[in-house]
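The block underneath contains the structure these notes are about, expressed in structure tokens.
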Amino acid sequence: MDPPQTSPLSPRKKRPRQTGALMASSPQDIKFQDLVVFILEKKMGTTRRAFLMELARRKGFRVENELSDSVTHIVAENNSGSDVLEWLQVQKIQVSSQPELLDVSWLIECIGAGKPVEMTGKHQLVVRRDYSDSTNPGPPKTLPTAVQKISQYACQRRTTLNNCNQIFTDAFDILAENCEFRENEDSCVTFMRAASVLKSLPFTIISMKDTEGIPCLGSKVKCIIEEIIEDGESSEVKAVLNDERYQSFKLFTSVFGVGLKTSEKWFRMGFRTLSKVRSDESLKFTRMQRAGFLYYEDLVSCVTRAEAEAVSVLVKEAVQAFLPDAFVTMTGGFRRGKKMGHDVDFLITSPGSTEDEEQQLLQKVMNLWEKKGLLLYYDLVESTFEKLRLPSRKVDALDHFQKCFLIFKLPLQRVDSDQSSWQEGKTWKAIRVDLVMCPYERRAFALLGWTGSRQFERDLRRYATHERKMILDNHALYDKTKRIFLKAESEEEIFAHLGLDYIEPWERNA
Ligand code: CTP
Ligand code: MN
Ligand code: MN
């Protein structure tokens, strides 16, 4: 943004262009040898930056055109310290020293004084953390000694729900889904990784130059990005959205209990709409699919946070009626801070219960809810957990804990929200709920595994295998070199075992 024209430091409009204005100062012009200044163009603009650079050089300051590891002072305008750090992190240049991060007011005072002025708190840019967790240590006081590149692993990136590149990530999500429907696994992974890395960027991509140095963006992906930059849309995505197979699979898999196999079958039989499928007498549906059709409207409408909280209260009540010391934690997308979900996920664990009590809990809860008329469907999957089994090597393996996939009949009077669907005399809503019961000593692994996102989990496992020679799954972490299981009481300990910086749940929206 340009500064107001009244500012004494604004470039005059018709100032004749001076050649050499953008050239670095020659060594004899430099009065202050210890100071190497770099001015950030972001939010300042090219003109104002060039103007300030010229002024500072005339006063004997060494001002660099490009960022390099010799820079000692980084000056920015309308950027926080975190903004500058984020910008630095996506530059390919390694900044090995610890430059000062300063507001432009410091440089303007220096120019005015004709010499470096003291840096005080009002000049120093504040590095803030984006979250308000009071247990967090304070903001880092200095730059990390080496500004890191973006990692190819989602578990080494912080991905909040604040996605600056949705125009691109929507496109890659659709392409990935289409590959999934066509069982084209390699392309699916390529597109999912591209979408994931773009979701983690703190800035919007506006030119191909912005994609330099970002991992997981191969030539195919870059072509699509370029097309979207130029035309505002991708022809490939447009073709997929108009594709009959994609449209049908999208529709069929939106029914609870319908996966790729069933969709393929219905598509091959010539079905294109749900009403035709539903009314066909020759088709046999599973119990799950019948429930899926019966409560279709409610289930596709997504769960709001208020509804999830209402379910949470009822889950805790029921669980603690049988195991008073049990912990019930909402996991999945809601733990990552999402405002909407396709279901509500809960992890249940109890420090004091016996194996038998643990094993019977979910069935007891189902019986109680059935008696109260709160259950529309449930499928209880018995545990196949074994303490000494090695973790699974597959990145997408299902876990062995006892769990229950159910459809809850949520009385709407329990929902603390004004926008609920009370209209039309509706008194309840069907909500998909997943309950998982895990042994107390495995709760950290289960919590990490059930918090997601899927891409974050995949990359955690890939990272463990390829970078640490360890195997991680929802039950355990195994060190292949030492041939031991690594115990953990908390998610933080698992990250520490893996040598990873801790990533908060709301930063795992990869
Ligand atoms: N998960 C798992 N094993 C399963 C199902 C799910 O480990 N059989 C994990 C996945 O890692 C996933 C998390 O549990 O990230 C939650 O799954 P899911 O409810 O499908 O996804 P959410 O991220 O909660 O997204 P949504 O809001 O759509 O429910
Ligand atoms: Mn979920
Ligand atoms: Mn789920």
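Cβ from N, Cα, C; glycine included.
Residues annotated as region 'Disordered' in TrEMBL: 1-25. Feature annotation from TrEMBL assigns domain 'BRCT' to 27-124. TrEMBL lists D343, D345, D434 with the feature Mg(2+) binding site.
Note: the Mg(2+) site is recorded as D343, D345, D434; in the same chain, T331, G332, G341, V344, F346, F405, R432, V433, L435 also have Cβ atoms within 8 Å of that site's Cβ centroid.
With the fewest other C-beta atoms within 10 Å around its C-beta, D434 stands out among the binding-site residues D343, D345, D434.
Averaged over the domain 'BRCT' (27-124), the predicted model reaches a pLDDT of 88. Note: the domain 'BRCT' (27-124) comprises 36 helix, 16 strand, 46 coil (DSSP; helix = H, G, I, strand = E, B).
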